Amino acid sequence: MKDDVLKRQAHTAIQKKLGYAFRDMSLLRRALTHRSHHAKHNERFEFVGDSILNYTVARMLFDAFPKLTEGELSRLRASLVNEGVLAEMAAEMNVGDGLYLGAGELKSSGFRRPSILADAMEAMFAAVSFDADFNTAEKVVRHLFAERVRRADFQNQAKDGKTALQEALQARRFALPKYRIEEQIGHADDSMFVISCDLGELGFVCRAKGTSRKAAEQEAAKEALKWLEEKLPLKKKKK
């Protein structure tokens, strides 16, 4: 009984942060239900929410940065729409307090797991569209991402770690890096990946962890780039 009251309070607070009040609360509850808790979980909602999120942020960037190319806009969107940003946003909204998790996830602090929080955010965008319509869901995304888009700095954020490393190696005329899965820990839906980044002829290999293969590769690439720029800095051209 006490848990139900706390969940309702959490859901009320989450709606205030979203800037949207649900008419059908079952949709919000579904969006916050992890597969470990119930057969009616949020994974199908994530599928729709991901599309709403990507379209809306893409349109926001398209309007805000009229001079950027398609590739530049894609990289900038990747810096804003990713597990890390969504998990950070969910933490700011205390989404973890409103999640429905199975016993195993509760014991392992799943309410703080970035992948679970990020998935819940996407699922909530879908829930809003089902409760109202696409335009309302788009308004919610715009509300949440407005400040992040306003602060977006293409020069510093647009290039993800792998792209930046690739360009740095090409500028020095070295071969592209090779990424390899060294270890995968945990279950299929909530794994921790250990990825190695091998710079080949340079003789440097580093490892990094992430809640997805993509996230781990990005972290490994950033570590390799840091090493490369320290060991082989490019000479600045004389004016």
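Placement of Cβ uses the backbone N, Cα and C atoms for every residue, glycine included.
The domain 'RNase III' annotation in Swiss-Prot covers 11-133, and the record cites sequence analysis as its basis.
The annotation Mg(2+) binding site is assigned in Swiss-Prot to GLU46, ASP119, GLU122. With a 10 A radius on its CB, GLU122 (Mg(2+) binding site) counts 24 other CB atoms from all the protein chains.
Annotation comment: Swiss-Prot describes ASP50 (among others) as active site, evidence class sequence analysis. Neighbour count (other Cβ atoms within 10 Å of the Cβ, all protein chains): 19 for ASP50 (active site).
Here Swiss-Prot flags GLU122 (among others) as active site, drawing on sequence analysis.
Feature annotation from Swiss-Prot assigns domain 'DRBM' to 160-230. Under DSSP, residues within the domain 'DRBM' (160-230) fall into helix, strand and coil as 32 helix, 21 strand, 18 coil.
DSSP assigns GLU122 (Mg(2+) binding site) to a helix. Sorting the domain 'RNase III' (11-133) by DSSP state (H, G, I as helix; E, B as strand; all else coil) yields 88 helix, 2 strand, 33 coil.
Comparing local CB density within 10 A for the binding-site residues GLU46, ASP119, the maximum falls on ASP119.
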